Amino acid sequence: PLVRGGSRAVFAPAFSLLGGLIFGYELGIISGALLQLQIDFHLSCFKQEVLVSSLLIGALLASLVGGILIDRHGRRRAILVSNLVLLFGSLILTLARSFIGLVIGRMTVGFAISVSSMACCIYVSEMVAAHQRGLLVSLYEAGITVGILLSYALNYIFADVAEGWRYMFGLAIAPTAMQFLSILFLPVNPVKLNSWDSDSQKDLIQLQTTEDREVAKREPYKEKHYSFLDLFRTRDNMRNRTLVGLGLVLFQQFTGQPNVLGYASKIFHSVGFQSNSSAILASVGLGAIKVVATLVAMVFADKAGRRVLLVAGCVVMAISVTTIGADRSQAGPGVVTDSSHIQKVDLAGSPVSGVPFTEHMVLNWITLLSMMAFVSAFSIGFGPMTWLVLSEIYPAGIRGRAFAFCNSFNWAANLLISLSFLDLIGKCPPHPSISHR
């Protein structure tokens, strides 16, 4: 059985999948909603960046306090609380009448999914045997990709519906309620399974000393007590573990892939997919290929090893992004045609001169295929492996705080990139309030 107990064997995978689905849905839904919100609320480029980034601000705040909540009050209770906060945030977004309301709603949702993501990964990793951990934690990543695909599909369905963004935000309530109910069938404290004899970490840096492993064999259920400052000390090789964790989350963000999810529709809109619906449909294809890639990662996570998948993913990502850069340099500046006004506009909606991308369809498709390869490689490597490694390398007594500490850098880097993304790719004129950048 996957975990001890018949009900857990059913609800543990479902719980993991739902947790990831909610996380992915909230990350991806803004992509299509932003196209409508830009018009309904007359959003400038700066306000669009703030709206996308507000979720990350909430997530960053949660990562600063979430570790204490997880370690002191338990993984299960943290998830239940995050579900309630997420329901409240989704309601705020659905009923929002102003830009401020949208920002508050997104921050609330960001806070909730940050706590939930940390607690879910730790909870699931502690509930299963070591040789099954890669599969079940990767199932969480699979849920993320399914959530992203679902959000893109709903973006497409509601693309031409008046105030369709309200439905997009409101539908997050359903999976959140389902996860809340599913965790009621799981134990308050995960089953403490001995993982010292697993060979699943054979490709990772040796972070445990011989003495650590001997103690784990003799006393597999005994937990040591750690303070937060122990993360930066040599005790139990903790400093090296922290460096590995920080390196993974920072490089994951600096690939830029997480920001592709939030701006996918606008990116495709700018490279020649002219209508909102066609740009969103291209995003659906992106989400579908991401799901397939994550399924591949699930199969090989416990067989090939974490390091192999990380290295392979990085190589493919490097090739893909190089291809995109070369392709765009051949195509020239990004313009599309606004069919209602027969006017060439850039991503910000400003009139521009130039050759429409309808004359560069081959280059457009090369860009789409390269982006698919890019997100696929991320879903095989950095996507699932980062969180799997983080859930494995820290002792249980400090795992929540360590996970939260690394996650705070993850969200901070994501926030930095998202706040400047449209400016960096040259698709928005600099806003007066950020002209110093």
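Each residue, glycine too, has its Cβ placed from N, Cα and C.
What TrEMBL says about this one:
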type	residues	note
TRANSMEM	9-30	transmembrane segment
DOMAIN	12-437	domain 'Major facilitator superfamily (MFS) profile'
TRANSMEM	50-70	transmembrane segment
TRANSMEM	77-96	transmembrane segment
TRANSMEM	102-124	transmembrane segment
TRANSMEM	136-159	transmembrane segment
TRANSMEM	165-186	transmembrane segment
TRANSMEM	242-260	transmembrane segment
TRANSMEM	280-301	transmembrane segment
TRANSMEM	308-326	transmembrane segment
TRANSMEM	365-390	transmembrane segment
TRANSMEM	402-422	transmembrane segment
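Highest Cβ pair count under 8 Å relative to the transmembrane segment (280-301), across stretches 9-30, 50-70, 77-96, 102-124, 136-159: 136-159. Counting Cβ pairs under 8 Å to the transmembrane segment (308-326), the stretch among 102-124, 136-159, 165-186, 365-390, 402-422 with the most such contacts is 365-390.
Through the fold, the transmembrane segment (50-70) approaches residues 26-27, 30, 34, 37, 43, 77-78, 81, 99, 102-103, 106-115, 118-119, 122, 262-263, 400-405, 407-408, 410-412, 414-415, 418-419, 421 of its own chain, all at least 6 residues removed from its boundaries and within a Cβ separation under 8 Å.
Take the transmembrane segment (165-186) and the stretches 9-30, 102-124, 242-260, 365-390, 402-422: counting Cβ pairs under 8 Å, 9-30 has the most. Just going by CB pairs under 8 A, the stretch in 102-124, 242-260, 365-390, 402-422 that sits most against the transmembrane segment (136-159) is 365-390.
Contact between the transmembrane segment (402-422) and the transmembrane segment (242-260) is supported by 3 or more Cβ pairs under 8 Å, counting only residues 6 or more apart in sequence.
Residues 1-3, 51-52, 55, 79, 86, 106, 109-110, 113, 116-117, 120, 124, 127-128, 136-137, 139-152, 154-155, 168-169, 172, 175-176, 178-179, 182-183, 185-186, 258, 261-262, 264, 287 of the same chain sit 6 or more residues outside the transmembrane segment (9-30) yet have a Cβ under 8 Å from a Cβ within it.
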